[in-house]
Amino acid sequence: MGKKERQDAKLEREDAKKVEEKKKQEKEEEDSWRDTGKASKGQAKKEEEERKKSEAAAKKAEAKKLLEEEEASLSSSKAKKSSSSATKVTKYELDRQREEEARLKEENLKEKSMKAKREVTEDEYANMVTTENLNRKDPGDIEARNVAEALTVLSVKDSADGDKHPEKRMKAAWLAYEEANLPSLKSEKPGLKLSQYKDMLWRQWQKAPENPLNQGGR
């Protein structure tokens, strides 16, 4: 092989080496870009996942906040309702208490009024018993203020008629009259004392036909 041929072969080898190196470099660059692209995609995916997580956390926090606000609103509404109910119950109780007080007051006034009427009636009855009847139509009528006086009058009157025991007849007649008329008088005039009932009966007894003093003409 001549010198020229050797030089040509050397140049070919150098060219082939350059071509090979260039291909290798291009391949390395291509691989590098590919790796970079993969890294970028991985980063982008990671960032997307982080974004989604962040959004989910934000939504969860917002939902929690809304729930807390709703619960607070319901709690406040219940508290107001409870307070309103308590106010209504209290007002109802106060109204009932006022009505009861008014009723008791009215009953007390009625009782006082009835008592005052009874007291006036008692005084009137006492005056009827203790005051002499100055307007008697018959001057010949005999009036006694008590049993003792009646017995005295009856004794004087009946002594002329030969009655030896006028007091027995007088007492028996009076007791019978009292027993027969006391229940009806109590029913007509409730609330008086027994002595007042007897005074009233005695006043009636003065004109009663059962009274022996009124039987003088028989």
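Note: Cβ is positioned from N, Cα and C throughout, glycine not excepted.
Residues annotated as compositional bias 'Basic and acidic residues' in TrEMBL: 1-67 (among others). Residue counts for the compositional bias 'Basic and acidic residues' (1-67) under DSSP, helix first, then strand, then coil, are 65 helix, 0 strand, 2 coil.
The region 'Disordered' annotation in TrEMBL covers 1-123.
Taken from TrEMBL, the feature compositional bias 'Low complexity' covers 73-86.
The compositional bias 'Basic and acidic residues' annotation in TrEMBL covers 90-120 (among others).
The annotation domain 'Coiled-coil' is assigned in TrEMBL to 133-215. Mean predicted confidence for the domain 'Coiled-coil' (133-215): the pLDDT average there is 72.
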